[in-house]
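Listed features, source TrEMBL:
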type    : residues                               : note
BINDING : LYS121, GLN184, GLY216, ASP247, LYS390 : UTP binding site
BINDING : HIS217                                 : substrate binding site
Amino acid sequence: DFSKAMSQAGTSQFQEAIRQELEYSMKVELDKILSTAPSNELQHTKKDLEGFKKLFHRFLQEKGPSVDWGKIQRPPEDSIQPYEKIKARGLPDNIASVLNKLVVVKLNGGLGTSMGCKGPKSLIGVRNENTFLDLTVQQIEHLNKSYNTDVPLVLMNSFNTDDDTKKILQKYSHSRVKIYTFNQSRYPRINKETLLPIAKDVSYSGENTECWYPPGHGDIYASFYNSGLLDTLIGEGKEYIFVSNIDNLGATVDLYILNHLMNPPNGKRCEFVMEVTNKTRADVKGGTLTQYENKLRLVEIAQVPRAHVDEFKSVSKFKIFNTNNLWIALSAIKRLQEKNAIDMEIIVNPKTLDGGLNVIQLETAVGAAIKSFENSLGINVPRSRFLPVKTTSDLLLVMSNLYSLNAGSLTMSEKREFPTVPLVKLGSSFTKVQDYLRRFESIPDMLELDHLTVSGDVTFGKNVSLKGTVIIIANHGDRIDIPAGALLENKIVSGNLRILDH
C-alpha cells in the first residue's frame, strides 16, 4: 500500500503541476487580450476577464459529476409548498404597497437562432403581432395601472442582444413601465484541446463573434451587482426580484406568491423561492429540487453520474422540475455577492464552431445558487406558469385558440375541456419561423386536440380543425395540402393524402 500511496501522491502532484501550468498560460493569454482593450472598455473588460478567471480556476479544481448520488435525499415535506396553500391565504388590503417592493427581471440574453431568426429571441412575434417583449411590457403596465404602482422591468441582455433590444425600447417610452437594462458578462470560448482562449483581442464583431459567449443566466448575480443597478433599486426601496426567462409566457407576476414572501406566515422571510411544477414525460431532463447536506439544492441532468441518469429521469422518484421562475431577495444577493459566497456548479457546454473547431464554454445556472441563500423554499405551481416557447411547435400552441390573450397574459381557453396542453411535434420543414408561418394559412382550431405530429412537406389551408390524435406524414418527394375547412379527427394522413381512421 505504501508504493500505491506514493504513486497516488505522485499523480496528484503531477496533476497539480499541470493545473498550475494551465492557470498560468490562461493568465498570460487573458493579459494579452486585455491589453487590446480601448480605454473606455478597459474596466468593464477587466471585470469580465476576472470573473472568467475565477470560473476557469474552479473548472480546473472540479472532478467528475459534482453531486455525490448517495447524499441526495427527497426534500422535507414543508420545503416545497403547494401553490393552493399559498393562494388560500388570500391577499391583504395593502397589496399595492407590497407590489411597490417588487422588480421584474427577464433573462433576455438569447438569440432566436433555434427558430431560424436573427437577433434577440424576445423580438419574435408570438401572438397578434405582439413579441415576447411586448407581452411582458403589457403585463407589467396592466399591474401598474390596476394597482397604481411602480413595478419596473429589468432586462438582462447579452452582448448579442443589447443593441437590438435598446433600439426597440424607444417604442415603450410612453408606457407606464420604467425599463432598465444591464449586460451579462462576456467570456472567451476556449479551445477544447489546449484549454486556451481562441480570441486574440477584445473585439467581438466580424470573424471574432464566435470567440465570445454569454456565460449562462447564473451570471445574473455578479452582473446585476457590478452594473450598479442592484444598489440603485435597493436605494429605491425595492426588496425582491422576480426572475424568469423572457420566452416563458406563463411567468407572470403572481400576487399570492409575492404576498407569501413579504408577509410570511411564520414571520421568517425566504431569501429564495423557486417555482417548480410536476414533471410529465416531456420534462424528464429538467432540473429537480433535492435535499443535499441539509440544504435545498437544484440538481441538473449534467451533474448526475452516468449510472444514475435513468433514475434521475424517473417521474416517480423525482416528481417536480424547476420552471426557472425565481423570487430572490435583493439584500441577500448584495450580501452574498460582497462575500463572494454564491456557489453554483459549473456547466461545461461543448460547441463545434462553423469552421469545425471544438470549443467549450463554462456556464452557470441562476437556480443553482439556491443552496447559498437562507430559508429557501420551493412552491409547486400549476403547469400554466410554465409555458416556454422554444420551438415552432410551442409557437403553434400559443398562437392557437387554446389560449386567450388579456393584458399581455395568456390563459387557457375555458372552452378546452381538460387543462393539459396537446403534444405537438412539427417536423424539420417547420423549424424556421418564416417556413412555419408560410405553411399555415391560418392557425387551426385545436381546442379538442390531444396529439399532433406533422412530418414532411405539409401545408394547412384556412379554418382547419384538428381533434383527438392527428398524424400527417408526407413521404420524401410527396406533398400534402390539408384543404381549407377540413376537419381531421383521430386521423392518419400519409404519403398521397389518403385519409385513414386512427
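Just so you know, glycine gets a Cβ as well, placed from its N, Cα and C.
Automated prediction, rather than curation, is the source of TrEMBL annotations.
Mapped onto this structure are the features recorded in TrEMBL.
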{"residue": "LYS121", "record": "UTP binding site", "Cβ contacts under 8 Å, 6 or more apart": "GLY110, LEU111, GLY112, MET115, PHE132, THR161, ILE246, ASP247"}
{"residue": "GLN184", "record": "UTP binding site", "Cβ contacts under 8 Å, 6 or more apart": "GLY109, MET156, ASN157, SER158, PRO214, PRO215, HIS217, ASP219, ILE220, SER223"}
{"residue": "GLY216", "record": "UTP binding site", "Cβ contacts under 8 Å, 6 or more apart": "ILE347, ASN349, GLU363, THR364, ALA365, VAL366"}
{"residue": "LYS390", "record": "UTP binding site", "Cβ contacts under 8 Å, 6 or more apart": "SER114, ASP247"}
Quiz item: Which number gives the other C-beta atoms within 10 angstroms of the C-beta of the residue listed as 'substrate binding site', all protein chains shown included?
Solution: 24
Exercise. Give the maximum pairwise CA distance in Å, whole number, for the residues LYS121, GLN184, GLY216, ASP247, LYS390 listed as binding UTP.
Key: 21
Quiz item: How many neighbouring Cβ atoms, not counting its own, are there within 10 Å of the Cβ of ASP247 (UTP binding site)?
Solution: 22
